[in-house]
């Protein structure tokens, strides 16, 4: 049986020598990891950064234990403290929305003479009339318009008190402008006849197409901002519903940007939208398909936009399949100075700086030596 070999302890001088040689390599590796975290001057999410944070923290602590120079809690430099207002982009988006909206008026000024006058069958029209004994309700058309106005008021109220109001305005303008552009194409390629029971009485007669008639109609709609009287109207403005487009954009924006403790208030625009869409159908202002398509498309555009801009880092935006869409190139330009991630929904005194009160900006000091920094939502900067 072999004797137990004696335990040989290495020379302490060799250990110190190895530490002296190894410490610079560890410090260099720690700096490399911090550079990864600082890529494009943004933040990594918890599920991707935790291991890197732990590694760099251990390396930094190790250098302190060994008596090295160390790097005491390095911080992320250059983090913007406020969201820039970027008025040129806001002006661009204003004209983008205005052009998209006016294109709708131009399209149905042209297509009015192409639309038929015999209403199409609609399953909900038949259900309300034959099952519930409720034919076309003219009063509901007016309440559909009121519902649009009420939803806009809800959104404006949120914008007044939200800390990042200008960011929300820019996003809402872009989403609404994109939807109105899609609507212009839809109205141009397919003309549906109105769903009223007395289309010949409500709609203006067909005329020979001429530039004079077109410009007169477009000027009239521009002055009225697209609203029409319920008699002598231009018809064919149906697929898809502009009323629903506006109501759902306001409703989704209020729900998405309302602080968590105030989320119950989001039920107000939701119920208004539900009531307004019902009024559009029972008044025969829109077919059911008009309202459904508008609901689907508004949700789709809103969700796609926010899925793209709320990515964890800028690199993920570029690598996303959405980045291949042409329209997302514009979104990337619009959001290039906004920190990726979800907005910190907080309320603030409107225009407090005018009264000598300055609301706090991006207060977090991000340190790679503190993993808890990434544990909560990263607030955006002030608008």
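The backbone N, Cα and C atoms fix where each Cβ goes, glycine too.
What TrEMBL lists as compositional bias 'Basic and acidic residues' is 58-68.
Taken from TrEMBL, the feature domain 'Sphingomyelin synthase-like' covers 235-307.
The feature region 'Disordered' is assigned by TrEMBL to 55-75.
Sequence-distant contacts of the transmembrane segment (90-110) (same chain, at least 6 residues past either end, Cβ-Cβ under 8 Å): 166, 169-170, 173-174, 176-181, 183-184, 187-188, 209, 214, 217-218, 221-222, 226, 234-237, 242, 334. Taken from TrEMBL, the feature transmembrane segment covers 90-110 (among others).
The transmembrane segment annotation in TrEMBL covers 143-161 (among others).
Sequence-distant contacts of the transmembrane segment (173-192) (same chain, at least 6 residues past either end, Cβ-Cβ under 8 Å): 90, 93-94, 96-97, 99-101, 103-104, 106-108, 110-111, 114-116, 120, 236-240, 242, 245-246, 249, 287, 290, 297-298, 301-302, 305, 327, 330-331, 334. Residues annotated as transmembrane segment in TrEMBL: 173-192 (among others).
Only residues 6 or more beyond the boundaries of the transmembrane segment (238-258), in the same chain, are considered here, and those with a CB under 8 A from a CB of the stretch are 104, 144-145, 147-148, 151-152, 154-155, 158, 162, 164, 168, 171-172, 175-176, 179-180, 183, 186-187, 190, 192, 194-195, 226, 265-266, 269-270, 272-273, 276-277, 280, 285-287, 289-291, 293-295, 297-299, 302, 306, 343, 345. Positions annotated as transmembrane segment by TrEMBL: 238-258 (among others).
Residues annotated as transmembrane segment in TrEMBL: 265-285 (among others). If one looks beyond the transmembrane segment (265-285) by at least 6 residues along the same chain, the residues whose Cβ comes under 8 Å of a Cβ in the stretch are 119, 124-125, 128, 134, 136-141, 143-144, 146-148, 150-151, 154-155, 194-197, 241, 243-244, 247-248, 250-251, 254-255, 258, 291, 295.
Sequence-distant contacts of the transmembrane segment (291-309), counting only residues of its own chain at least 6 positions beyond either end whose CB sits under 8 Å from a CB of the stretch, comprise 171, 174-175, 178-179, 182, 239-245, 248-249, 252-253, 256, 277, 280-281, 317, 320, 322-323, 328, 331, 335, 338, 340. Annotated transmembrane segment per TrEMBL: 291-309 (among others), in sequence order.
Helix, strand and coil counts under DSSP for the domain 'Sphingomyelin synthase-like' (235-307) come to 59 helix, 0 strand, 14 coil.
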